[in-house]
Amino acid sequence: MRAAYLFLLFLPAGLLAQGQYDLDPLPPFPDHVQYTHYSDQIDNPDYYDYQEVTPRPSEEQFQFQSQQQVQQEVIPAPTPEPGNAELEPTEPGPLDCREEQYPCTRLYSIHRPCKQCLNEVCFYSLRRVYVINKEICVRTVCAHEELLRADLCRDKFSKCGVMASSGLCQSVAASCARSCGSC
């Protein structure tokens, strides 16, 4: 029984060695028929092959980072009328808001068709490429929300507030920056 299994296992290799199989190359796929819906993605400069990406020198990286700094647009608060001075709120309200722009760049990968030829036989395979989606997003930041967030942070990480008020901020600056944004 084992001999029969071994015979059936090695039968294709033996027939291939004797030339029983026809190994004529298949005709190549026509370029204009296959993967036409990818043509706009292949020529798009926002698509990068992971093998082509090289690290930038530090000076060039610094210039790139300085170009991506957050832009803020401040919306002025309405001015109170002189006759209604007693109705002025002491805490910021919902009108003390501003729109803040920030870069929300995302990196994700897709599979791009890649033509490969070997001994006049061409075929397409899918190659992973990375796409950089560069966008500027806008969020509304209100003063009362920032105060609530600061209060929660101060309560949760009390040592940051204590160190900041006592002038010893530098000793815990790293942990406070991770938790609250800054000391």
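In case you wondered, yes, glycine gets a Cβ from its N, Cα and C as well.
Because the structure is a prediction, the values reported are computed rather than measured.
What Swiss-Prot says about this one:
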type	residues	note
COMPBIAS	60-74	compositional bias 'Low complexity'
DISULFID	Cys153-Cys183	disulfide bond
DISULFID	Cys160-Cys176	disulfide bond
DISULFID	Cys169-Cys180	disulfide bond
DOMAIN	153-183	domain 'ShKT'
MOD_RES	Gln18	pyrrolidone carboxylic acid
MOD_RES	Tyr47	sulfotyrosine
MOD_RES	Tyr48	sulfotyrosine
MOD_RES	Tyr50	sulfotyrosine
REGION	58-94	region 'Disordered'
SIGNAL	1-17	signal peptide
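Counting Cβ atoms from all protein chains shown, Cys153 (disulfide bond) has 16 others lying within 10 Å of its own Cβ. In this structure, Cys153 (disulfide bond) is part of a helix by DSSP. For the domain 'ShKT' (153-183), the model gives a mean pLDDT of 63.
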